[in-house]
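Enquirer: Quick one: structure below, then a few questions.
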Amino acid sequence: SPQGTRDQRPAHMALRERLFATVVACFKRHGAAAMDTPALELRETLMGKYGDSAKLIYELQDQGGELLALRYDLTVPFARYLAMNKITTMKRYHIAKVYRRDSPATSRGRYREFYQCDFDIAGHFDPMIPDAECLKIVHEILSELKLGDFLIKVNDRRILHGVFAICGIPESKFVSTCSSVDKLDKMPWEDVRSEMVGEKGLSPEAADRIGEYVRLHGGLDLIEQLLQDPKLSQNKLAKEGLGDMKLLFEYLTLFGITGKICFDLSLARGLDYYTGVIFEAVLVQQNDHVEESVGSVAGGGRYDGLVGMFDPKGRKVPCVGVSIGIERIFSIMERRVKASGEKVRATETQVLVATPQKHLLGARLKLISELWDAGIKAEILYKKDPKLLKQLQYCEDTGIPLVAIIGEQELVDGVVKLRVVTTREEV
């Protein structure tokens with residue numbers, strides 16, 4: 001639809017529930033507590049945090065003296081919540097809708113109203129341990145969902161800023177240059193360079209110097225190489241970032257996941273609030289023996305300055321977090337289910353309580369009540385005297401595996417006939 005709302009068919013929703021359950025189970029496994037924030041925020045809370053994307057914020061007219069807006073993501077409201085409640089340590093997950101005044105592209109999982117699934121760690125901790133856990137979570141979720149091959153790109157805003165500084169970019173143009181560099185996964189270098197020079201006002205020489213760095217990607221070997229770079233090693237921010245990146249890769253090696261991690265200097269992530277490590281997961285497919293990205297499915301990073309923006313005394317709470325691109329993942333899952341012909345069950349019902357004769361609704365209600373009280377997922381048809389064939393057909397249509405049949409003879413004998421729907425075996 002023009003608003004980008006979701007299809008609500010039962011099987012569709014069941015598939016979504018399966019996806020959410022996998023993500024939530026992972027978050028809980030890592031000790032995160034669930035939390036929520038309001039969908040509405042003060043306009044001033046959201047403005048100035050999202051760079052070029054601020055134009056996508058849904059703003060509301062004056063509400064009795066207050067200028068409000070719908071939340072754009074779950075990170076800024078979380079930072080505001082920490083500051084307001086003077087919370088300095090927290091590990092949380094948050095699954096809720098966010099809103100963007102964007103052009104929907106439903107085939108690519110892009111909507112105006114959609115769910116985000118966030119995991120964040122707030123607090124003063126030793127470097128890179130929480131960051132490594134966030135990357136481990138992304139790896140766990142994408143591995144469990146079996147979406148195909150994936151790659152998690154990592155970089156550090158401090159390294160990028162160091163690169164910009166040694167390439168002669170004025171600090172006032174760091175953010176706009178970041179947003180250009182971030183397009184390298186979608187555009188060839190020549191187009192990105194043209195944007196830097198033509199739209200962002202960089203000199204051709206500066207753009208070429210940036211190009212020498214931002215097209216590099218690798219692992220620990222590249223980090224070691226850049227630590228020896230005569231210019232970059234003299235930049236304080238870049239040196240800090242590279243030191244932490246080396247530490248991060250050591251922890252990721254201990255987690256056993258470096259095979260899916262790539263240090264990529266072109267990764268910039270367009271949001272203003274990132275201060276350190278940034279990362280993005282993409283699905284990759286083989287085309288003529290060449291790896292090709294099919295889109296980002298998770299992203300995040302470190303945002304140590306965001307909480308301090310909302311604290312009256314400017315007290316900082318370091319934070320790192322990841323957002324799982326649940327809508328994009330769901331679009332991929334749905335396409336694959338459709339292509340495979342798999343039938344997705346709309347409910348988890350285990351048994352249908354059925355009767356073969358008339359005037360036995362009372363017996364059905366008594367039996368289903370016992371099943372519900374025992375924690376068994378059960379249903380009946382909402383008719384006084386449904387035909388047995390119709391009840392069995394309902395089971396076949398909805399995938400219910402068992403039928404508990406209670407007729408006049410069963411009542412006399414004090415038994416229940418249990419029928420396996422697929423094999424028609426009865427006990």
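FYI, residue positions are counted from 1 along the chain as it appears here.
Every residue, even glycine, has its Cβ placed from backbone N, Cα and C.
Annotations in TrEMBL come from automatic prediction, not curation.
Note that the structure is predicted; figures quoted are calculated from it, not measured.
According to TrEMBL, the protein carries these features:
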type    : residues                                                            : note
DOMAIN  : 1-356                                                               : domain 'Aminoacyl-transfer RNA synthetases class-II family profile'
BINDING : ASP73, LEU74, THR75, ARG100, GLN116, ASP120, ARG269, TYR273, TYR274 : L-histidine binding site
Enquirer: How many other Cβ atoms sit within 10 Å of the Cβ of ASP73 (L-histidine binding site)?
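Expert: Taking every protein chain into account, the count is 19.
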Enquirer: So if I measure Cβ to Cβ from ARG269 (L-histidine binding site) and keep only same-chain residues at least 6 apart in sequence, which ones fall under 8 Å?
Expert: CYS178, ASP182, ILE278, GLU280, GLY299, GLY301
Enquirer: How does the model score the domain 'Aminoacyl-transfer RNA synthetases class-II family profile' (1-356) in terms of mean pLDDT?
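Expert: Per the prediction, mean pLDDT sits at 89 for the domain 'Aminoacyl-transfer RNA synthetases class-II family profile' (1-356).
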Enquirer: Express in Å, rounded to the nearest integer, the largest CA to CA distance found among the L-histidine-binding residues ASP73, LEU74, THR75, ARG100, GLN116, ASP120, ARG269, TYR273, TYR274 named in the record.
Expert: 22
Enquirer: Drop a 10 Å sphere on every Cβ of the binding-site residues THR75, GLN116 and tell me which sphere holds the fewest other Cβ atoms.
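Expert: Fewest other Cβ atoms within 10 Å, among the binding-site residues THR75, GLN116, is found for GLN116.
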